[in-house]
Amino acid sequence: MAEEISETPPTAKDEQLQTSKGSWAHAAFHVATTIATPAAYAPLPFAVASLGWPLGVVSLVGGTLSTWYSSLLIASLWRWDGNTHTTYTHLAKSIYGSWGYWTIAFFQQVASLGNNIAIQIAAAAGSSLKVARRSCYLLFHSCFIVVSLHSSSLYEWAVYKHYDPNGGLKLQHFIVFFGGFELALSQFPDIHSLRWLNALCTLSTIGFATTVIGVTVHSGSRGDRSMVTYGLEGSESDKAFRRFNALGAIAFSFGDAMLPEIQSTVREPVKTNMYKGVSSAYSIIAVTYWQIAFLGYWAFGAGVEPYIVASLTTPNWTLVVANLFAFVQILGCYQIYCRPTYAYFEGRVASAENSRLRGCAYRLVYTFAYVALITLVSSAMPFFGDFVSICGAVGFTPLDFVFPVVAYMKAGKMPRSRKLRLPLLLFNTGIAVWFSIVAVLGCVGAVRYIVQDTRTYSFFHDM
């Protein structure tokens, strides 16, 4: 890795491709927004509870360090063959050819679509907005108004406008509301244009984590500790499948299928700035993830809910604040993950040489179609925890754990020294093999729970 710090002089083609001038701080905002979403780290206490203290701690810490390492490997391949690779698919094609392009395209679409379905169900409409709706009355009558972010003020207006003491609004209403917000944000042209939104999202990540950690410690210290148990109930097969599901959830929590796309927004020296941005983002991720996961399991034991906020009860105003932070944060995450799909259509518009007005109209059409599809699926199958697991197992695990280490070895970037080459070869191979197994186990666990949920819940079920 150290040998790859030096930058290859950019070619004329590289300078044409490198149109954005983002700093390492902007890269950190994008990476943190993409990974550290409430939909990613709110299920971590439940995942640790499913695995138990030893395996849960090892899995979470190991996942953090492994994905940080893998992210640095991807950043180091930015111009590995002298050409700039601005997307994950083009990077894969440069190393593995056409089959690599289409394989990564498949995994990236699974990760992107699955991620946006999951966060639309949970952090936005499913958990954040609906929980906030139930407590919003307390906010407005205690004059505690949160208006620090424009998005949350719009959210408060929507909730207040439609607030019904009898709870008349259903989960699907809030999924549609959230889809409307995302359709408006989808008119921004590229990831770099979202940098200040993602800066707010990063601050919201810290705000959500701080609020949840504080309320968790408060609840754990004031509750009856004798009632907290750490052993799982149920048959051995149920425990095993729950552990499989937990591994998929942990893999999802580090999902970042967009690193080359983010790196394409960074100015020279690209790799050095990306190293700094990735490491800064992972500093935030490590602090927030570990504290929420371990304190949540400590406070509530094996009975912790799949979405940690659902386990918190008092004080009410802090729960509303946490969900407002969650709403703001996932606005940016959704946008980053829909960009590969948008890029495909944008390429077709550019090749057709349409007028600016026609291009904007065309963009509105395909962004509406994308958001409408995600909204429809989210409304029909609101099984948040299962989507988290299967998305992590099938989409994120290959992209975040397996491909980076394998591609780094295939690209011939291993150290020339035999003393360093063999240990690094074994280390990279171990990561690829272990997380391939995790992907299979996580997928098995998630499919089992989806089958069970379809028997329990009907389509368009109000959670």
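Residue numbers in this text run from 1 along the chain shown.
In case you wondered, yes, glycine gets a Cβ from its N, Cα and C as well.
Automated prediction, rather than curation, is the source of TrEMBL annotations.
Summarising the annotation, TrEMBL assigns domain 'Amino acid transporter transmembrane' to 21-441.
Taken from TrEMBL, the feature transmembrane segment applies to 27-48 (among others). If one looks beyond the transmembrane segment (27-48) by at least 6 residues along the same chain, the residues whose Cβ comes under 8 Å of a Cβ in the stretch are 56-57, 59-60, 71, 115, 118-119, 122-123, 127-128, 191, 194-195, 198-199, 201-202, 205, 208-209, 212, 246-247, 249-250, 252-256, 258-259, 262-263, 265-266, 273-274, 276-278, 280-282, 284-285, 288-289, 292-297, 300, 304-309, 311, 325-326, 329-330, 332-333, 336-337, 384-385, 388.
Residues of the same chain lying 6 or more positions beyond the ends of the transmembrane segment (55-79) and with a Cβ under 8 Å from any Cβ of it are 1, 4, 7-8, 10, 14, 31, 44, 47-49, 85, 91, 95, 243, 246-247, 250-251, 253-254, 256, 259-260, 263, 270-271, 274-275, 278-279, 282, 285-286, 289-290, 293-294, 297, 400-401, 404-405, 407-408, 411, 413, 431, 435. If you look up TrEMBL, you'll see 55-79 (among others) marked as transmembrane segment.
For 99-124 (among others), the entry in TrEMBL reads transmembrane segment.
Residues or ranges marked as transmembrane segment by TrEMBL: 136-155 (among others).
Counting same-chain residues at least six beyond the ends of the transmembrane segment (197-220), those with a Cβ under 8 angstroms from any Cβ of the stretch are 26, 28-30, 32-33, 36-38, 41-42, 149, 151, 185, 228, 284, 287-288, 291-292, 295-296, 298-300, 308-309, 311-315, 318-319, 321-322, 325-326, 328-333, 335-336. Residues or ranges marked as transmembrane segment in TrEMBL: 197-220 (among others).
What TrEMBL lists as transmembrane segment is 280-300 (among others).
According to TrEMBL, the feature transmembrane segment maps to 320-339 (among others).
The transmembrane segment annotation in TrEMBL covers 360-381 (among others).
Feature annotation from TrEMBL assigns transmembrane segment to 387-409 (among others).
Annotation comment: TrEMBL describes 430-451 (among others) as transmembrane segment.
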